[in-house]
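Written below as structure tokens is the structure these notes are about.
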Amino acid sequence: MKKLLRLFFPLSLRVRFLLATAAVVLVLSLAYGMVALIGYSVSFDKTTFRLLRGESNLFYTLAQWENNKLHVELPENIDKQSPTMTLIYDENGQLLWAQRDVPWLMKMIQPDWLKSNGFHEIEADVNDTSLLLSGDHSIQQQLQEVREDDDDAEMTHSVAVNVYPATSRMPKLTIVVVDTIPVELKSSYMVWSWFIYVLSANLLLVIPLLWVAAWWSLRPIEALAKEVRELEEHNRELLNPATTRELTSLVRNLNRLLKSERERYDKYRTTLTDLTHSLKTPLAVLQSTLRSLRSEKMSVSDAEPVMLEQISRISQQIGYYLHRASMRGGTLLSRELHPVAPLLDNLTSALNKVYQRKGVNISLDISPEISFVGEQNDFVEVMGNVLDNACKYCLEFVEISARQTDEHLYIVVEDDGPGIPLSKREVIFDRGQRVDTLRPGQGVGLAVAREITEQYEGKIVAGESMLGGARMEVIFGRQHSAPKDE
């Protein structure tokens, strides 16, 4: 059962369109049909009344008043089997003349009807109607079919009442004309039955037209789906921007996404290439050290720090490239709130272990209220690179201070090292540029730090420290949306 449902649900756009339009057509057809039928019924009643009134006028002209009695002489050309029956009453409601003697029908005429012109209906048993129309064989066959379906069925007869005022030759008369053929057997009544057939035929004709309309209307979507399949099969690079107005925005955004993903792929590929290139130097140093050990030119104790330093460098480079490869331009920055002091404590603790032999003395002057708004890894990456450089080039002391405004976070790192020449203070942030080429490094740490701070609309400013070395001021922007502690 579930497999069968999956074949039909969720419904395709074409099926949804067909069902919706078919429902609209059905409702409108029913509404228009009902209005037409009701209008036809009203028109039919008026037409029937006019015909019966004409019959009444005919009998009024044939009527003669002699010796206080009413005489009606029917011409020979009048069909005695006429589908109407005429009754003539005086002003007191007394029956003066009847075309035929049908007692049950005469009893159905209400006295109130005789007072004014009007159109009425009477209900008769199907057997009584059959006796009334005993001379019409075709009607008898139809009544027999009705009787077979429902022996207690009732037939409806139309009645027209016309009042004629008194004249010099004729007293006031009321002529009642009864249509002996039931409304149910008239062809006009069959319109209700034919309506179902017409509606069905209408739907059978409309649905194919709706299918064609759906096919033509949804062609742009089918073309888009085809292009997406070609993308999956790597047979095209972008979607065709020449599409309908409604799909233009979707196609444009999808093309942007495709370009972004392609750029990301290119970035991964470039990152792998850069990583491979950056590992050549530490690997070459490791190979050279191993050869020296094998030839006993270097002792294990002398080789160990060199190898550990290179292994550490390899680990740092791998971590750096993995992190950078996962970053995407235009990505929304996290708005998480992180206290600065604990993050810097963790970093300085790790750096003290790394530079334990050097004996670096790191001091922190950070207020507990100062916080960073953003991704924690970004903060650690930036400050890790800046502090690593400070520890690497300092003689002994590294000082860290911070301050915060509504819009920015300022962190200052100072050391007592050789400092940075004025001419190099901008170059050091370029990828691959280094001030001291004698020390190990790839010249990417500060470049990475600058790229991350620029994502926060910030920057890193290199200057001269009061300690005699370098002063690096790291500025993080986008701090105005920081949530406030309650």
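Placement of Cβ uses the backbone N, Cα and C atoms for every residue, glycine included.
Straight from Swiss-Prot, the features:
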TOPO_DOM  1-16  topological domain 'Cytoplasmic'
TRANSMEM  17-37  transmembrane segment
TOPO_DOM  38-194  topological domain 'Periplasmic'
TRANSMEM  195-215  transmembrane segment
DOMAIN    215-266  domain 'HAMP'
TOPO_DOM  216-486  topological domain 'Cytoplasmic'
DOMAIN    274-480  domain 'Histidine kinase'
MOD_RES   His277  phosphohistidine
BINDING   385-393, 415-420, 434-446  ATP binding site
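It is Pro418, among the binding-site residues Tyr393, Pro418, whose Cβ has the fewest other Cβ atoms within 10 Å in the structure shown.
The average per-residue pLDDT of the prediction over the topological domain 'Cytoplasmic' (1-16) is 60, rounded to a whole number. The secondary structure of Asn389 (ATP binding site), as reduced to three states from DSSP, is helical.
For the recorded site, Pro418 (ATP binding site), the DSSP three-state label reads coil. Around the Cβ of Asn385 (ATP binding site), 23 further Cβ atoms fall within 10 Å across all displayed protein chains.
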